[in-house]
Amino acid sequence: MNVNEIIKGPILTEKSYQLMSSGVYSFKVSPKTNRSETKKAVEYIFNVKVEKVNIFTVPKKEKKLGKSKGFTTKYKKALVKLMPGYTINLFEDESPQDQKDSETISENTDEKAKIAKKKAELEAKNKEIAEKLAKKQAELAKKESETNENQEKKIENQTENQENSAK
């Protein structure tokens, strides 16, 4: 039997996910296959070492939908235990997606760093502008106080002159 015809696909259930953590993977296999063929197929397709294979036939079950009755199809299931240190990546699309996610995350962090740098520069410029404005306001206040003092002195001088001329 051809290696590609032996394994129909993985069986992904809650129980199979729990078994994956201990190195046991479940596959739907051809009804005509046996343990040794399944072992060779898994080792060839996934490039791993298999410790042991359990195979059993899942019987058909009666299902009802409304008034009609039917049966699920029976199939052969293989539980494949891998040697320690080997794993099978059943979701090949995840790893490139994870890389894309990490790239976008790094790009986002770079963008955030640039934005933070620009914010810091703008805050520094705003601080400089605020200091310049404060200096100008202080200078204007000095000039106004000087002009007020000069005007007061002029008024005092005028009043003194008027008093002196009146005497």
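Placement of Cβ uses the backbone N, Cα and C atoms for every residue, glycine included.
Look at Swiss-Prot and you will find 1-130 tagged as region 'Large ribosomal subunit protein uL23'.
The region 'Disordered' annotation in Swiss-Prot covers 91-112 (among others).
The compositional bias 'Basic and acidic residues' annotation in Swiss-Prot covers 97-112 (among others).
The region 'Unknown' annotation in Swiss-Prot covers 131-167.
Taken from Swiss-Prot, the feature region 'Disordered' covers 137-167 (among others).
Swiss-Prot lists 137-157 (among others) with the feature compositional bias 'Basic and acidic residues'.
The annotation compositional bias 'Polar residues' is assigned in Swiss-Prot to 158-167.
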- Item | Secondary structure content of the region 'Large ribosomal subunit protein uL23' (1-130), with strand meaning DSSP E or B | 60 helix, 35 strand, 35 coil
- Task: Could you tell me how many residues in the region 'Unknown' (131-167) are helical, how many are strand and how many are coil under DSSP?
- Result: 36 helix, 0 strand, 1 coil
